[in-house]
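According to TrEMBL:
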type	residues	note
DOMAIN	3-82	domain 'GST N-terminal'
DOMAIN	88-208	domain 'GST C-terminal'
Amino acid sequence: MAEEVVLLDFWASPFGIRVRIALAEKGIKYENREEDLRNKSALLLQMNPVHKKIPVLIHNAKPISESLIQVQYIDEVWHDTAPLLPSDPYQKANARFWADFVDKKMYELGSKIWRTKGEEQATAKKGFIESLKLLEEQLGDKTYFGGENLGYLDIALVPFYCWFYAYEKCGDFSIEAECPKLIAWVKRCMQKESVANSLPEQEKVYQLVLQAKKILGIE
């Protein structure tokens, strides 16, 4: 039976990018269906009736929601190539913990950087940098978070890189100045085709943010 893999996605979503990288790492062919998030398709609403959000991974007509769960699913189903999660139970638990940390911190704090001003923005910037520094400590001197190979935590975090420029422009700060080792890690990740081909250009994401600010009436 032929594998049918469809991804309901939005080009700038760091969560969708995670799934794209995982699929690319495994060499899985799939159909990427771009969603209009202000006019969601009937298929999206049917496949993710609880959250009504992208990304949704549809494998042989069965939907899987939530990007980290999707990456784990991809790793388990196509386990013969490019393992993403460590086999060691402790290392696996640790990777899941830090991926959950990324989920709880990056998007919310990053959004606050471009959505707010003044004290609220300053607090978000401080929290964002502190979170990145904690992740930098976890990276240590390793090539990737997963060791010598791109792994689960790398895939959880690196998609946010395409949003860094927008955060820096809106928040007037430099992530590289604060976290040079993390940016060096990003550059290593970007040398991999699976990552480079999955992340949109930073300038394009920044223009999307400017449009969103205009729509929301944020000056």
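Note that Cβ sites are derived from N, Cα and C of the backbone, with glycine treated the same way.
Small disclaimer: the values here were computed from a predicted structure and weren't measured.
Helix first, then strand, then coil: DSSP counts for the domain 'GST N-terminal' (3-82) stand at 30 helix, 17 strand, 33 coil. Secondary structure of the domain 'GST C-terminal' (88-208), assigned with DSSP and counted as helix (H, G, I), strand (E, B) and coil, comes to 95 helix, 2 strand, 24 coil.
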